[in-house]
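Taken straight from TrEMBL:
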type	residues	note
REGION	1-20	region 'Disordered'
ACT_SITE	E108	active site, proton acceptor
DOMAIN	114-354	domain 'Radical SAM core'
BINDING	C128, C132, C135	[4Fe-4S] cluster binding site
BINDING	G183, E184, S217, S240, L241, H242, N316	S-adenosyl-L-methionine binding site
ACT_SITE	C359	active site, S-methylcysteine intermediate
Amino acid sequence: MPKPGELTFVAPRGAKPPRHLADLSPAERKEAVAELGEQPFRAKQLSNHYFGRMSNDPASWTDIPAASREKLTDGLLPDLMSVVRHVSCDDDATRKTLWKLFDGTLVESVLMRYPDRVTMCISSQAGCGMNCPFCATGQAGLTRNLSTAEIVEQIAAGMRALKSGEIPGGEARLSNVVFMGMGEPLANYKRVLSSIRRLTDPAPDGFGLSQRGITVSTVGLVPAMYRFADEGLSCRLALSLHAPDDELRDELVPVNTRWKVAEVLDAAWNYAEKSGRRISIEYALIKDINDQAWRADLLGRLIKNRRVHVNLIPLNPTPGSKWTASRPEDEREFVRRLQSHGVPTTVRDTRGQEIDGACGQLAAAG
Ligand code: SAH
């Protein structure tokens, strides 16, 4: 397994990922194809192969002459990332992939297969600048934003693997995408938004996934949450709250020193109203830190009667961390108190924990 220092090729600092079909809107694709000296209608053909048929194999594009295929591939389908390794667990129903990007940067995605759905957890940035002390990604800081196509390609690769039957359990379709891998999606707003368009635009412009199956998870960047609400999407918004009081949240989610609990919840309710979707509140239960019954009551009072659902995540301890997951009895009491306020509450399953694929662990081990 290569360590970052051992990589043979490292692009100059600040170099941009090469342009890729998935970076471009349908109109921009036509222009790009014309610039390559090809007829503009080839843009639609290319989109049909990449998005509609999920094919990145030019040999199968029989409606395009071989010489044009080569030009289009060179100009618009550069290799953006290569697999460093796949690691599987849960009887191969969970597969984590470590990717190496063009400049040697490492990011990860996780594919989780359930009986009734398939979910991919993807990265929106290499590293993260939000600095939450319980999150492994936060410890290393932000390396850079991913390009739209680098985000889309994580999903495209997963879809191709499902379609080809490479993932055990037979051919399947991707149903859900969660922006819960590395990075803060709303801090890479433009590219995350374009990636959502590529994923949800009907084929052949995009992959035709349902907006309802896409979840964007945020630490609570309030202005970006309002902006996101105005996009007219029906994606789900998850808010990483982790504490109902400013004193503790300032520590657990440092961006709280900028936007307080009350402001962040207001922005969330605004999103719920505009999108018609329930907000998902993420709350990592940390033993003796944020799991007290009084905090459950405080949280219950803050969010009851709202369009909301609470997702409790048993803390996945990061290497060297002094924190650990709550005792089972404290977790049960926390759930009970929230439910007594009428707040729908579930405890997240901890898929992928043994392959460091659980939240906040991605790519930390390199
Ligand atoms: N930056 C975004 C999305 C990435 S993390 C956000 O913070 O929402 C996805 C979720 O995993 C967040 O709720 C995050 O707080 C949580 N998480 C991170 N590290 C974790 C850990 N060690 N144990 C449990 N949950 C963790």
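Backbone N, Cα and C define each Cβ position, glycine as well.
These numbers come from a predicted model, not from an experiment.
Comparing CA positions across the recorded positions E108, S217, H242, the one lying closest to C135 ([4Fe-4S] cluster binding site) turns out to be H242. With respect to H242 (S-adenosyl-L-methionine binding site), the closest of these recorded positions in Cα terms is C132, chosen from E108, C128, C132. For the binding-site residues S240, N316, the largest tally of other C-beta atoms within 10 A is found at S240.
DSSP assigns C128 ([4Fe-4S] cluster binding site) to coil in the three-state reduction, placing it in neither a helix nor a strand.
Here S217 (S-adenosyl-L-methionine binding site) comes close to V178, F179, M180, P185, L237, A238, L239, S240, E282: these same-chain residues lie at least six apart in sequence, with C-beta atoms under 8 angstroms from its C-beta. Within 10 Å of the Cβ of C128 ([4Fe-4S] cluster binding site) there are 26 other Cβ atoms, across all protein chains. If you compare Cα positions, the residue listed as 'active site, proton acceptor' sits closest to E184 out of the binding-site residues C132, E184, L241, N316. Per-residue pLDDT, averaged along the domain 'Radical SAM core' (114-354), amounts to 95 for this model.
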